[in-house]
Amino acid sequence: MALPQGLLTFRDVAIEFSQEEWKCLDPAQRTLYRDVMLENYRNLVSLDISSKCMMEFSSIGKGNTEVIHTGTLQRLASHHIGECCFQEIEKDIHDFVFQWQEDETNGHEAPMTEIKELTGSTDQYDQRHAGNKPIKYQLGSSFHSHLPELHIFQPEGKIGNQLEKSINNASSVSTSQRISCRPKTHISNNYGNNFFHSSLLTQKQDVHRKEKSFQFNESGKSFNCSSLFKKHQIIHLGEKQYKCDVCGKDFNQKRYLAHHRRCHTGEKPYMCNKCGKVFNKKAYLARHYRRHTGEKPYKCNECGKTFSDKSALLVHKTIHTGEKPYKCNECGKVFNQQSNLARHHRVHTGEKPYQCKECDKVFSRKSYLERHRRIHTGEKPYKCKVCDKAFRHDSHLAQHIVIHTREKPYKCNECGKTFGENSALLVHKTIHTGEKPYKCNECGKVFNQQSNLARHHRLHTGEKPYKCKECDKVFSRKSHLERHRRIHTGEKPYKCKVCDKAFRRDSHLAQHTVIHTGEKPYKCNECGKTFVQNSSLVMHKVIHTGEKRYKCNECGKSFNHKSSLAYHHRLHTGEKPYKCNECGKVFRTQSQLACHHRLHTGEKPYKCEECDKVFNIKSHLEIHRRVHTGEKPYKCRVCDKAFGRDSYLAQHQRVHTGEKPYKCKVCDKAFKCYSHLAQHTRIHTGEKPFKCSECGKAFRAQSTLIHHQAIHGVGKLD
């Protein structure tokens with residue numbers, strides 16, 4: 001049967017772009033190009049699935065010089081030569097769509113099709129595809145980048161003048177200059193009667209008249225492809241027909257569900273050839289690969305900065321535009337990235353989805369968890385190039401580097417103070433503004449830093465996460481642990497520039513420096529007394545208020561200072577953590593150890609200005625001064641008798657109470673004063689520590705020695 005000779009060409013509905021025009025298209029326009037191509041492709045395939053056809057495909061890689069072949073589809077009513085494998089075609093349509101989406105996500109150029117027409121005969125077809133086998137057209141690895149063009153044509157020798165003219169006209173177009181998205185379809189009028197009822201003819205007529213037959217009433221947007229219309233409709237209607245059977249999450253596209261499922265299966269099919277790292281998305285692999293190549297193809301037109309990811313460039317551009325389109329519904333704070341908004345939202349919800357497998361501690365950010373893990377692993381990836389000191393956090397390294405450079409680039413506009421870090425400047429500014437946005441839910445106390453609130457919260461919870469490996473003592477603050485460790489190591493990093501004396505704490509150095517300067521900047525408004533440190537002034541003020549808010553749980557005794565309660569608590573526990581390296585004697589407080597140490601050194605740094613007498617303990621000097629001033633600040637409430645020492649008052653009060661707390665272990669005799677017990681104990685031991693320098697006679701009590709020395713005419717001892 002002779003094939004009809006009449007032809008119809010669709011050249012007039014072609015959508016063509018030059019290379020320069022193509023680069024100007026935005027992603028949405030390129031996606032439209034893809035959808036039009038696919039619609040044409042499917043419509044042509046669906047014309048007559050039972051008909052015999054032949055197809056050839058190959059493509060050109062972007063920037064390569066491979067020969068371009070055009071896929072051809074031939075109706076051969078009288079030739080039963082091989083059958084088109086339409087399932088293969090549909091499979092490749094799906095592969096093309098998926099790969100396009102991967103490339104778009106990856107930031108690659110969208111696929112483009114370059115056209116070159118071929119004419120052929122059934123003889124040529126017979127030679128290439130003899131054997132009546134299904135055609136397995138070879139698409140190759142580059143099919144994802146280029147969709148082949150389809151032609152339906154009649155066998156050579158039966159083509160009319162119109163067909164030859166159409167082909168000649170088409171071949172005159174420069175394929176190196178044009179990129180075409182069109183079905184160059186040549187069909188006889190007889191076949192065309194059926195064809196005019198297809199969606200392809202409708203699409204051709206719509207494009208030719210610049211009309212769009214699919215319009216969405218919600219947005220007013222029109223489309224010339226039903227597939228585009230359906231996709232757009234899904235976005236507005238919020239329809240998500242693809243559901244994950246594991247977690248129930250819904251998606252509006254099947255490919256999104258396929259990507260999501262890999263989260264549950266752990267599948268990571270894309271592997272890096274360089275380092276072996278695997279990824280669940282091809283886009284992630286491509287992005288990772290740029291780390292090896294150093295490629296940064298995305299450039300900011302404003303400042304020239306380049307990026308390896310398109311998303312990073314888009315985020316960067318908001319710096320120039322100042323755009324922050326993502327707003328928090330809770331507090332109104334705006335962000336330039338949706339991820340930042342999502343992260344911020346956890347502040348309101350309290351969500352902490354990232355949990356440490358070692359200690360079960362939870363975090364609101366993945367970066368916080370990774371940073372925390374280094375505590376368990378001991379990893380310190382940030383190393384100083386000057387002194388090789390390593391740090392867990394990059395911020396800690398940045399702080400440390402300032403020691404070497406002494407650079408403090410961040411300056412406060414209010415007071416001119418400079419800082420090595422911008423975060424430190426921001427915290428400092430709250431001093432001027434008085435802003436304290438962080439409030440404790442337990443007691444209502446407010447803080448200017450979140451870290452201070454977190455630290456304060458441990459007072460309510462009793463949490464002490466920092467433990468000393470030497471003595472197992474625990475602390476609520478890391479700085480307290482580091483300070484405590486110096487007791488074991490003997491480290492004294494704070495050195496006086498005047499006398500080279502070293503100290504474990506910077507506060508102790510500050511106290512010591514006043515000895516040289518004599519400065520006491522902190523003054524009490526009640527009594528006018530001045531102090532070296534603000535903490536000392538705060539402690540002093542309690543004397544005027546009489547407040548004793550620190551109570552011992554063991555005996556109920558109250559104290560006006562927390563440190564005093566801590567010292568007192570050691571009476572119950574028997575703890576004496578401070579040991580003398582000379583004689584091994586242990587003490588409850590560090591000050592007691594320091595005083596004791598002067599017995600070995602003979603140091604007496606405290607001198608009376610009246611009589612030049614020297615003392616090894618400051619409190620002894622203050623007590624001695626009362627000899628000159630006659631001051632007796634401690635008064636008995638019963639008989640109004642006054643004393644120069646609080647210990648004397650305590651002893652005296654036992655006269656009224658009859659209390660004798662000091663008991664001899666040998667004979668059970670009790671005494672009001674500890675000194676009386678000590679003197680009595682020598683009766684049992686026979687010890688006589690007080691010896692006369694004139695005659696060598698020894699005595700149990702110092703008072704007895706003084707009385708004896710009067711015989712020799714020696715004056716009383718001071």
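Quick reminder: no glycine exception, Cβ is built from N, Cα and C everywhere.
Small disclaimer: the values here were computed from a predicted structure and weren't measured.
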- prompt: Can you say which of 73-95, 96-118, 326-348 is given as zinc finger in Swiss-Prot?
  reply: 326-348
- prompt: What range among 9-31, 147-169, 354-376 does Swiss-Prot describe as zinc finger?
  reply: 354-376
- prompt: Among 45-67, 298-320, where does Swiss-Prot put the label zinc finger?
  reply: 298-320
- request: Take the zinc finger (634-656) and find every residue of the same chain, 6 or more past its ends, with a Cβ under 8 Å from one of its Cβ atoms.
  value: 623, 626-627, 672-673
Candidate ranges 270-292, 298-320, 354-376, 550-572 - greatest C-beta contact count to the zinc finger (382-404) (under 8 angstroms): 354-376
- line: Across 298-320, 354-376, 550-572, 606-628, the most C-beta pairs under 8 Å with the zinc finger (270-292) come from 298-320
Query: In the zinc finger (410-432), how many residues does DSSP assign to helix, to strand and to coil?
result: 11 helix, 4 strand, 8 coil
- request: Tally the residues of the zinc finger (690-712) by DSSP class, grouping H, G and I as helix, E and B as strand, and everything else as coil.
  value: 8 helix, 4 strand, 11 coil
